[in-house]
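Engineer: My questions will all concern the structure given below.
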Amino acid sequence: MTVEEVSDGSVWSREDDIAFERALANNTDESEERWEKIAADVPGKSVEQIKEHYELLVEDVTRIESGCVPLPAYGSPEGSNGHAGDEGASSKKGGNSHAGESNQAGKSKSDQERRKGIAWTEDEHRLFLLGLDKYGKGDWRSISRNFVVTRTPTQVASHAQKYFIRLNSMNKDRRRSSIHDITSVGNADVSTPQGPITGQNNSNNNNNNNNNNSSPAVAGGGNKSAKQAVSQAPPGPPMYGTPAIGQPAVGTPVNLPAPPHMAYGVHAAPVPGSVVPGAAMNIGQMPYTMPRTPTAHR
């Protein structure tokens, strides 16, 4: 257990510091019971020790935001916090600085690059607000995994701790501007589900209109297509084709066989119904004389 701070006989380890930050982020109400709740979440610490540690933390955050000290380099993903590199508290945390250097010696270069104290951008802070609205305080792992994917859960917890300290700070007129002053994402409710993409409904309506207009209506048939109207036409009497050259003028049944009582040359009464255009019907026996082609004689 690494020693982080010794003041008035109280020893703050890294685990105590993390528990303090989480309890501080979960209890933001301005009441005397707030410090008792925080002390209950940090084992072995009294209310007076919690208040003293809070005052030191506020001082550290104020100096970092004022630009007096450079941004800190996080010692490890599990124990990074916003005030680990404060020069004002370096005398109190001398043992922690040496322990952090020895721990970083065995780490790879990629891990060190990922843990560098890069300042939060405004877009990351807005994503943090969206995740805070959905998951609430304390679920920093879900916020890091689903919203602020560029930050670790511990970095999100540290950012939340500084954000709530900024909200509860009493010297609001004297402090510098910061992204922590952003408390909402626009004027819209972040929990409202998004509607369809603009133009999607119009394209769907146009496709439906084109599909409806593509099938022409048959006169007297409502919305039925011409193909359906032809297939549903009532059957009429047998239809006869035109006589071919060299064959008798007697017609030949085209679609339906002739009834038994119907003979060639007998005129049948016209029956109303739909017929195929161009086909002759109800034609009796007609003689047809084949004209002879004159041949040339030599």
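Cβ atoms here come from the backbone N, Cα and C positions, even for glycine.
Pulled these from Swiss-Prot:
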DNA_BIND  140-164  DNA-binding region
COMPBIAS  108-118  compositional bias 'Basic and acidic residues'
COMPBIAS  182-200  compositional bias 'Polar residues'
COMPBIAS  201-215  compositional bias 'Low complexity'
DOMAIN    7-62  domain 'SANT'
DOMAIN    111-168  domain 'HTH myb-type'
REGION    68-118  region 'Disordered'
REGION    182-245  region 'Disordered'
Engineer: Per DSSP, how many helix, strand and coil residues does the domain 'HTH myb-type' (111-168) have?
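Structural biologist: Here the numbers are 41 helix, 0 strand, 17 coil.
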Engineer: DSSP on the domain 'SANT' (7-62): how many residues come out helix, how many strand, how many coil?
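Structural biologist: Helix, strand and coil residues of the domain 'SANT' (7-62) number 39 helix, 5 strand, 12 coil.
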Engineer: Over the span of the domain 'SANT' (7-62), how high is the average pLDDT in this prediction?
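Structural biologist: Mean pLDDT for the domain 'SANT' (7-62): 82.
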